[in-house]
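Feature annotations, reproduced from TrEMBL:
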ACT_SITE  E15  active site
BINDING   K125, 170-172, 178-179, 208-215, 301-302  ATP binding site
DOMAIN    129-335  domain 'ATP-grasp'
ACT_SITE  S178  active site
BINDING   D288, E302  Mg(2+) 1 binding site
BINDING   E302, N304  Mg(2+) 2 binding site
ACT_SITE  S313  active site
Amino acid sequence: MKKKVAILFGGQSTEHEVSRVSASSVLRNIDSSKYDVYPIGITKDGKWFEYTGSIENIENGDWEKDEFYKNPNGQEILFNREVDVVFPVLHGLYGEDGTVQGLCKLLGLPCVGPGVMSSAVCMDKVYTKYVLENFEIKQAEYVVVNAFEYSKEKEKLIEKIEKELNYDVFIKPSNSGSSVGISKAHNRKELEQGLENALKYDRKILVEKAINAREVEVAVLGNDEPMAAIPGEIIPANEFYDYEAKYSNAESKLLIPANLSEEKLEFIKNEAIKIYKILDCAGLSRVDFLIDKDTKEVYLNEINTIPGFTKISMYPKMWQASGKGYSELISELIEFAIERNNI
Ligand SMILES: Nc1ncnc2c1ncn2[C@@H]1O[C@H](COP(=O)(O)OP(=O)(O)O)[C@@H](O)[C@H]1O
Ligand SMILES: [Mg+2]
């Protein structure tokens, strides 16, 4: 019998649009001989609908206006356990951060990707640092800025950042994705602007020393015996890999394999698997590194537990280059979710 899979798309985060594109790609390529799909759209204000209209409408956002194919029973499908497994093709907060994972856990439904704790820690850049620094994983030096402290002692915090990190620095909302709210500061004025902008997205901000780096990403897949695909490299079109460079600038390049020695590729794959296990990831994650162009030192940048998932996104492309096609990858992720749920 075919398994019933809920495909969640949209969501309440700043990455709503990106999610729709990822989910459309999943819907077009999922193996329909094995799975019956239940596409469920989540609006930016958090309403859930089953959507049985066209995939194009999901991709371009018109599904929300399509009253005929939009049914207000999105959550009931989960609550009534009408499906066997949930694939949250959602990026960012309220999707990749442990919340949807928690809902599935309460309902006893297998969910693709890491569980509650792992998703939450990986979503939060500050907590990722706190955990990994206990395991000798190299990460960029940093200072944490909290909204309340910033409002009370701005000068002191700015001085601390300048003293400990010096310029340039990256300013990131702790819970961010797709580079939203992230900026690079080359001086005090940009640092202040960057902090104030980042504080619109989160009350906890990570300020990091900028590394003159190459960006290398590793796709990891599996539960107890995770495997890593051939690492890939990003060559951003802008000064750093910002939102525009990620989604609109065709000049950004993806290189698979990353232009590194066999030895270095192997090292980075092992490092990615080690991090995946420490953070108790399951199903999938993309582990992103920064490699210092001068010292060649490898730094962890971040872990994405539901990475961009269109057919031409880095995660599926790295598996493609390693011999695993897109549809096969989707099937494996669903089966890993079911396997993990049994324990
Ligand atoms: N410490 C750093 N040094 C150099 N570049 C960085 C650093 N941190 C982030 N970047 C750049 O900013 C981009 C976005 O930061 P990242 O932490 O990956 O956030 P997001 O979760 O939004 O993808 C990275 O892809 C990279 O181009
Ligand atoms: Mg990133």
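Every residue, even glycine, has its Cβ placed from backbone N, Cα and C.
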Checklist outcome for this item: Hits among E208, N212, N304, S313, i.e. recorded positions with CB under 6 Å from ligand 1, come out as E208
Item to check | Candidate recorded positions E15, D288, N304, S313, pick with smallest Cα gap to S178 (ATP binding site) | outcome: E15
Item to check | Cβ-based isolation winner (fewest other Cβ atoms within 10 Å) among the binding-site residues S178, N212, N301 | outcome: N212
Next on the checklist: Can you tell me whether DSSP puts N304 (Mg(2+) 2 binding site) in helix, strand or coil?
Outcome noted: strand
Checklist entry - If you count other Cβ atoms within 10 Å of each one's Cβ, which of the binding-site residues I171, A210 has the most? => result I171
Checklist entry - Among the recorded positions E15, D288, S313, which ones place their C-alpha within 10 angstroms of the C-alpha of N301 (ATP binding site)? => result D288
Next on the checklist: Can you tell me the CA-to-CA distance separating E208 (ATP binding site) and E302 (Mg(2+) 1 binding site), as a whole number of Å?
Outcome noted: 12
Checklist entry - Hey, which of the binding-site residues K125, R214 is the loneliest by Cβ count within 10 Å? => result R214
Checklist outcome for this item: Whole-Å Cα distance, E302 (Mg(2+) 1 binding site) to A210 (ATP binding site), is 14
Next on the checklist: Within its own chain, what residues at least 6 apart in sequence put their Cβ under 8 Å from the Cβ of S313 (active site), listed in sequence order?
Outcome noted: S22, S25, P307
Item to check | Proximal but sequence-remote residues of the same chain as N304 (Mg(2+) 2 binding site) (Cβ under 8 Å, at least 6 apart) | outcome: H91, E96, C122, G177, S285, R286, D288
